[in-house]
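Colleague: This is the structure I have questions about; it appears just below.
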């Protein structure tokens, strides 16, 4: 019995009893009398003494039992109170956790929606950029075509101008010939007028000579009539004289009559012969004078007629030449007018084309500026969204780490694949290393743990291109396979790049290719120069197309292209860096996460998709 009491007195308290034991509820007990005093003062037997000792021990045991029972009752009361408090706290924590979870899920849904909208906007922007790039290339091709047509039109204009100048020279020559012919015509007209006057004078002289001839003929006729009349008178006088003489002679001696008749006949014959001779002489003189005058008049008339015919022929030929020259001049003037009209039309068309091309270029530049502004704005918005998303992903990662820590502390082992958990943890660690995180305090709240059921990994290769230039010459485009490098002069002045070098490096210290431009190479405003590798089938057409003799551009995933001036200073560069974007998708009963990691040392992104599923599993935080 004594050993039992001793074992009961040394019993340990129940687990969880951390408070100090209170004194028993009974009143203070008197100290037990010592054995020596009892032995000395009471003459009791050893049996009674043992009974008293047992009684005292039982009293002590009863007191300790009462104290223990009271303590147990107090602990039960405290336990019930603490149970109520724990239940109240648990309900409060559950309610707060549910509210925070709902708010967080709403924010996640909103963020997911914003990310989806951003992805759609980015895809739409990329499609629009590609479409606008194609439209820009098409407009550039049209602009090149129009420029070629404009160059052809300018060549035609120059050709037409040269032809117009030739026609103007011919026209001036024709005008000079026309003036000369007009002068010749005026001289011919003057000569014709003089000949006309001479002809008039000749005709007047002819008329006068004709009148003189008529007068002479009339005079001759009058003389003939007068001669005839005189002959008649003479005959009558002779007859009268003969009659008188016969009358007289009839009265004279018949002897002298025959002699006198013979003498008279002889005298009459002589007189008649003399008159006839004189008349013949006069007739011959008049006839000779008349014939000479007529011959002179005929010769003068013939000369006048010949000169008149010659003048008329010359006038006719001159008129024919003048008409032909006038017709030629009219044709040349018409052709010149047509050419001038054509030149004006071509100049107007050229001006319209230049104005239209200028307007198209202005519109394209405005559109490019607007697209650049939109791209800048979208990139800024995308960067803001990415910052927000990264912050949310970091919050999610911190929350997940807290859950993992609580599960590890409480020895809760989720049923998951080890490789998937390691990959997911590695992604979380990479995200924590790569991105500056905002520390989330570890609050002692209840959280739901994610039980991963399945996961999936994807990797996509992408290239990042960045370019910069100090001057007007920039590296516009490079071929990933190393076929060509294209330079572009974005300024409005011609740039001489003779002696400049174009280098292409692999990983800064790897193999490289260097091409040095000829000293006479120049880039026109808005001009493009393409440097081709030697193994391509491009044609060497300087200065726009240059083919290297024996070199070819190096190609790799990470390349850097540099343009050096004659002093060795870098004036333009273009970097092309390969990025591997890995996607990790894991689904669980509570959540579905997707992590996207860009393995180029720049960024690591995490996305969470899907609605969290409800679970009855809880984590008790003491």
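Note: Cβ is positioned from N, Cα and C throughout, glycine not excepted.
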Colleague: Going by Swiss-Prot, point out which residue in 80, 212, 288, 442 is annotated as phosphoserine.
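Modeller: In Swiss-Prot, 442 carries the phosphoserine label; others show none in the record.
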Colleague: Of the residues 39, 147, 151, 202, give the one that Swiss-Prot describes as phosphothreonine.
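Modeller: So the answer, going by Swiss-Prot, is 39.
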Colleague: Can you dig through Swiss-Prot and tell me which residue of 241, 250, 307, 425 is labelled phosphoserine?
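Modeller: The phosphoserine feature in Swiss-Prot corresponds to 250.
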Colleague: Name the secondary structure element type, per DSSP in three states, that contains residue 47 (phosphothreonine).
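Modeller: In the DSSP reduction, residue 47 (phosphothreonine) maps to helix.
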Colleague: Does residue 47 (phosphothreonine) have same-chain partners at least 6 apart in sequence with Cβ under 8 Å from its own Cβ, and which are they?
Modeller: none
